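Features reported for this protein in TrEMBL:
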type: REGION; residues: 261-382; note: region 'Disordered'
type: COMPBIAS; residues: 261-273; note: compositional bias 'Basic and acidic residues'
type: COMPBIAS; residues: 274-284; note: compositional bias 'Acidic residues'
type: COMPBIAS; residues: 301-331; note: compositional bias 'Basic and acidic residues'
type: COMPBIAS; residues: 332-344; note: compositional bias 'Acidic residues'
type: COMPBIAS; residues: 345-360; note: compositional bias 'Basic and acidic residues'
type: COMPBIAS; residues: 368-382; note: compositional bias 'Basic and acidic residues'
Amino acid sequence: MANNSTSSSSRHRNPFILDNVFDLLRLVQFLDERGRSKDLFSGSSSFEDGSLDTSTIAIGGISLGGMISFFAGVASDRFSLLFPLIGVQDFDRAVRESCFHARVATIRPVFEHAREKLGKEEIDSETVKFVWNSITPGILSSYALRPSLKSLYPRPCLIVNGRHDPRCPVEFVIEAVVEVQQASNYQSLLLAVDEEAAHEISEGMWAQTLQFLQQQLLPSSLQLRQSSVQEVLKAGDGEEVEARSARDVVEGKNVEALEEKVQAGKIEHKEEEKQEEEVNSEGADEIRVLEEEQEQEQESTDAKAKHGKEILQEERQDKGEAEEETLRHEEEKDEEPGSEEEETREEKMFAEKEKEMTEQREEEEREEERREEERREEEFEG
C-alpha cells in the first residue's frame, strides 16, 4: 500500500505527489533486480526458497496515499491492479467548477503563499491553478482524470470514494469513469461509492476492497462468493449492515481473517492520516522558513535601495550646489562689465563737470582782470 509520507529531501527535488511516484518506481526496479535473490526477504516470504514474485504487483492507498497509488499506476504498467481509496478526483474539473475549497484546506499555507504572491484578496480558481501547475506540473492536463483513467486500460482498478467527500467530489469522478468505460469498453474499471461516507473509510469500503483483492489475486477456493460492488453497498444504510452483508458472503473459515484485516486497515488508515498531518505540518514549517528568508531578503533589498537612494540624493544635492555656485559666478561675471561701464560713465560726467567748473573759473578770472584793467585806466585818466 502506498505510503502517504514524503521525505524532506525529495520534496525539494521533485513535484508534489510525483515525488512519491518516483520512489515507488525505483522500488519496483529494485524488486525486479533483486526479487529472485535468496538473500532478499529470506525467511519471511511466502515462497519456500525466499524469493519474491514481482510479476503481479497491486498498489493502493488512502487519501494522499490513494492519489500517489493512482498516479503510480498511470506512470507505469508494472502495477498490475490498483485500488485507490478516497484519493481519486478530477483536479481540472474542480478548478473550473470552483469545488476546491476542502482540498485547499489540507495544505492551505501553500495556497495562502501563492495568493499573496499573485496579489489576490482570496484564494480563487486562478490561485489554485497556479499552485497545481507549480507543485505538480501536468495534473490539470497530461495527468487529468480522463486521460489518466484511459492509460490504465485494461488493468483492473477499483476506485473507492464517499458520496459526501468534499475533497474528492464524487460526481466528477462518476462522470469520468462512465465516459471512459463506455468509450473503451473498460469493464475492469470499477467504482464503489459509499452513500453515507465523507472523507473516511467505512467497514463496507474495507470489505469491498478486500473482496476485490481476493477476486483478483487469490485462488478461487479463497475468494468471496459472488458479490458485486452494487450488492455490498446497496445491502443497507449503515456501516454495520454493509459489513455484515460482506461477511455473509465469505467462506465461514475466512470470517475471522477478514475481520482482522478490517481492523488492521482501520489502524493503518489512522496512522496514514497522522502521517498526512505531519506532512502538512512539515510543509507549513518549510513555507514559514521560506517566507522568513524572503522577508529577510526583502529587508536587505529595501535597505540597499534606501542607501542607494540616499547616496543618489547626496550626489544630486552636491551637484545642485555646484551648479548653483557656478551659476552665481557666471552672474557675477555678467554683472562686472556693467559696473565698469557705469564707473566709466560716472568718471566721464565728473570730468565734464570739472571741465565746466574750470572754464567757469577761468571766465570769472578773465572778467575780474578786465574789470581791474578798467579800474586802472579810470584812475590813470583821473
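Note: Cβ is positioned from N, Cα and C throughout, glycine not excepted.
DSSP labels the residues of the compositional bias 'Basic and acidic residues' (345-360) in these numbers: 16 helix, 0 strand, 0 coil. Taking H, G and I as helix, E and B as strand and the rest as coil, DSSP gives the compositional bias 'Basic and acidic residues' (368-382) the counts 14 helix, 0 strand, 1 coil.
With DSSP classes pooled into helix, strand and coil, the tally for the compositional bias 'Basic and acidic residues' (301-331) is 31 helix, 0 strand, 0 coil.
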